[in-house]
Amino acid sequence: MAVSPLISRSPSATASSSNAAMKLKKVATQSSLNGPEIAPSPLSMQNSDRELTEQLNDDVRHKYIKDKKLGEGTYAVVFLGHLRSEPSSFVAIKKIKVNAEYKDGLSMDAIREVKYLQELAHPNIIALHDVFSSKDKNLSLVLEYLPLGDLEMLIKDANIHYGVADIKAWMGMLTRGVWFCHENFVLHRDIKPNNLLIASDGEVKLADFGLARSFADPYLNMTHQVITRWYRPPELLYGARQYSGVVDVWSIGMVFAELILRVPFVAGSSDLDQISKICEAFGTPTEANWPGVTKLPNYLAPDNNHMVPLQGREFFLRQFPTVGAVGADLLMSMCALDPRKRSSACQILQHGWWLTEPKPTNKENLPRKSGGTKKMGDDLTRRGGEVDDTPFKNAARQLDFNAMR
Ligand code: AMP
């Protein structure tokens, strides 16, 4: 799949595109002044197209100055950067690692990230300002700089205290971002606290679209090996190849539970362990409570001696009392085992919980990572011991995506 390296959303990017357009105009004018019109040969047209593309690419690249390294993911290194013309305008420059294993040296993750971020512009989705390639042929994505870390950092930091109003604000921002993806027929497929980055004004932004895909055709087969295990819904663990936006809703539910408990709610050590932990927590899937489940490719018949009845409202209220009966009801609607009974992102946004007290905290007043200003809310203390985050980080990435669909 060819990726155009020229995407511009920032105002200054428009200026550089118009520079290039002027250059194009100049080339055209010069050629018409240079005597009789001779149709250019296809080869010379190709050459001038390439020159123009290179010129446009250089213009975009020169707009930015790369600073220190911010972090490193599986397929990219992220740097802080700023606009050459405006040093106080920061950006994050994500330099994609070139890997000979991949077609054209580019991983599918990188191609997906560019493809979907190009299409999605929303306050709760990280903005892609530009894309350019460097002299060494590496592709760089110029992204909105989000300096306040991510939700995982907040959840794990014992020095940060937060309450229900804060959770409501974060959950609202997350759900609005996911709703927008689904409205545009894009599945994110890797929602987890670590992929929810925080802007300087406290806005939560959905990032890392490396596993995203479009789902306009409900009958198209897709891979079930997506979504980091602890956030993966039971239908994918059972190998479903046809699924919809509610796979992301399950992940939203897991993030909701984790924000409340401050530890991941269902943390399996393998795919098998994950499904058995889901059954222990929410109930054993059966044909009665989930028609068709036994036909899923990786379905495993449960041990008749260990059948757990489907959990109802009381269970959710008992496990998550801090969010109240209405909040527990909302969480339950995200955790329905049968995907057909699970709420959509749109239904979540229409739920009564958003209107109950307390109102969501204003984003500017939300707790921030240590080093920033902290705010005392209703204290939700950390539960249990240390979380082993080895399988937590990028677990979905460790799967084999050779047959990625
Ligand atoms: P990723 O490859 O997207 O997982 O990014 C690796 C690391 O770079 C993240 O864990 C963040 O610490 C940092 N990072 C990524 N994107 C941004 C951004 N837009 N703003 C600030 N830091 C970022």
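Cβ coordinates come from backbone N, Cα and C, glycine included.
According to TrEMBL, the protein has these features:
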ACT_SITE  D190  active site, proton acceptor
BINDING   L70, G71, E72, G73, T74, Y75, A76, V77, V78, K94, K95  ATP binding site
COMPBIAS  375-386  compositional bias 'Basic and acidic residues'
DOMAIN    64-354  domain 'Protein kinase'
REGION    29-48  region 'Disordered'
REGION    357-391  region 'Disordered'
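Between the CA atoms of K95 (ATP binding site) and the residue listed as 'active site, proton acceptor' there is a gap of 20 Å. Here the recorded positions are E72, D190, and the one ringed by the most other CB atoms within 10 angstroms is D190. Each of the binding-site residues L70, A76, V78 was ranked by the number of other C-beta atoms within 10 Å, and first place falls to A76. Distance between Cα atoms for L70 (ATP binding site) and the residue listed as 'active site, proton acceptor': 21 Å, as a whole number. Nearest Cα neighbour of D190 (active site, proton acceptor) among the listed binding-site residues (E72, T74, A76, V78): T74.
Sitting within 8 Å of the Cβ centre of L70, G71, E72, G73, T74, Y75, A76, V77, V78, K94, K95, and not among those site residues for ATP, are the Cβ atoms of K97.
In the vicinity of ligand 1, defined as a Cβ distance under 6 Å, the following of the binding-site residues L70, T74, V78 are placed: L70, V78. Cβ neighbour counts within 10 Å, taken over all protein chains shown, single out K95 as the most crowded of the binding-site residues T74, K95.
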